[in-house]
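Visitor: Straight out of TrEMBL:
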DOMAIN    1-116  domain 'Peptidase S54 rhomboid'
TRANSMEM  21-40  transmembrane segment
TRANSMEM  46-66  transmembrane segment
TRANSMEM  73-92  transmembrane segment
TRANSMEM  98-116  transmembrane segment
TRANSMEM  143-165  transmembrane segment
Amino acid sequence: MLCLVFIGIRLEQQFGFVRIGVIYLLSGFGGSVLSCLFIRNSISVGASGALFGLLGAMLSELLTNWSLYTNKAAALITLLVIIAINLAIGILPHVDNFAHIGGFLTGFFLGFVLLPRPRYGWLDGRNLPGSAAIKSKYKTHQYVLWLVSLVLLIAGLTVALVMLFRGENGNDRCRWCHYMSCVPTSSWNCEGNV
């Protein structure tokens with residue numbers, strides 16, 4: 001809940017509730033789809049996939065709007081540490097890390113699509129006389145990231161949904177992936193999570 005309060009409010013203030021709401025809902029959906037592909041013996045519920053989607057969107061927003069930040073390295077390192085700690089907690093039993101990963105990836109790609117900011121001075125350029133050259137609203141790398149992210153997002157969700165509706169088990173295609181959600185130790189086993 002603290003993640004939702006701190007990150008959700010910050011993103012919503014900067015980009016509006018519609019874009020952040022779309023990211024939140026689609027990230028939750030993406031997390032649930034990946035969870036259904038890999039965790040076959042139990043049911044997982046919760047908003048953690050959507051929360052990780054907000055973390056992913058925040059990371060992609062930081063990367064695509066890199067030139068706007070003054071303390072870039074500190075922001076990037078802080079965000080990566082928060083993501084790493086939360087993913088590390090996900091290897092405990094009865095925590096659905098596949099929902100976290102699916103939500104994070106969905107939010108990461110949606111952040112490139114929905115959260116780019118116009119280049120500095122673009123709004124002032126619209127008031128210039130007609131003969132003046134107007135720069136593009138976004139930088140070239142923002143257009144490239146937008147296109148690549150949209151293609152990867154659509155392709156990933158399409159492949160995952162096709163596999164899900166065919167009844168395929170994601171663990172059959174990736175023998176080591178079950179370790180991303182639970183790592184067995186002497187203190188616990190992961191038999192109920194696979």
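Including glycine, each Cβ sits where the backbone N, Cα and C put it.
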Visitor: From the DSSP assignment alone, can you count helix, strand and coil residues within the domain 'Peptidase S54 rhomboid' (1-116)?
Guide: 92 helix, 0 strand, 24 coil
Visitor: Mind pulling out the one from 46-66, 73-92, 98-116 with the most Cβ pairs under 8 angstroms to the transmembrane segment (21-40)?
Guide: 98-116
